[in-house]
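In what follows, a single structure is set out as structure tokens and then discussed.
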Amino acid sequence: MALMLWIKSLHIVLVASWFAGLFYLPRIFVNLAMETDAAATQRLLQMARKLFRFMTFIAVPALACGVWLFLVVGIGQGQGWMHAKLGIVALVIIYHAYCGVLLGRFQRGENKRSHKWYRMYNEFPVLGLLGATLLVVLKPF
Ligand code: HEM
């Protein structure tokens, strides 16, 4: 029981750190999409690369702690809220991977999207975090 609460706390802290990156990386993309100065672009690209590396590094233990709570402790097994949460988690992982695709395009100078598009894109992780948290706390079904 005590171990479960430690892992759950770790899960919450790691998920919060992961989402800090999911919120901030697209903000760097907004700036990159507007930037015209070559030196400033290189600086933003370096920030984006480092942030993406950190986010990917932190996402692995964040997810592993959740998987441990689910598979080893058995919390949420066979319950609708958990299946819905896993669906949201899958979408967040796809979003994370797509951030990597977008970063690659910026690095090759191939970005075609406007800063407005990145501002919209930036809103998705908010919905993911809200949905996953409401499901796990309210357990509505
Ligand atoms: C987008 C990724 C995720 C977010 C935002 C997230 C969010 C949260 C939050 C806020 C809690 C604490 C709720 C509480 O106990 O009051 C929690 C607990 C939990 N999470 Fe995650 N999580 C994520 C990924 C995962 C994954 C991948 C799994 C399993 C495969 C998972 C399984 C669990 C379990 C079993 C609990 C304990 C629920 C309970 O004690 O009732 N989570 N999660």
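Placement of Cβ uses the backbone N, Cα and C atoms for every residue, glycine included.
In TrEMBL, annotation is done automatically, which means it is predicted and not curated.
What TrEMBL records for this protein:
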type     : residues     : note
BINDING  : His11, Lys85 : heme binding site
TRANSMEM : 12-30        : transmembrane segment
TRANSMEM : 51-75        : transmembrane segment
TRANSMEM : 87-106       : transmembrane segment
TRANSMEM : 118-138      : transmembrane segment
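The stretch in 12-30, 87-106, 118-138 that contributes the largest number of Cβ pairs under 8 Å to the transmembrane segment (51-75) is 12-30.
Same-chain residues lying 6 or more positions outside the transmembrane segment (12-30) and placing a CB less than 8 Å from one of its CB atoms are 44, 47-48, 51-52, 54-55, 58-59, 61-62, 65-66, 92, 95-96, 99, 102-103, 106, 115, 118-119, 121-122, 125-126, 128-129.
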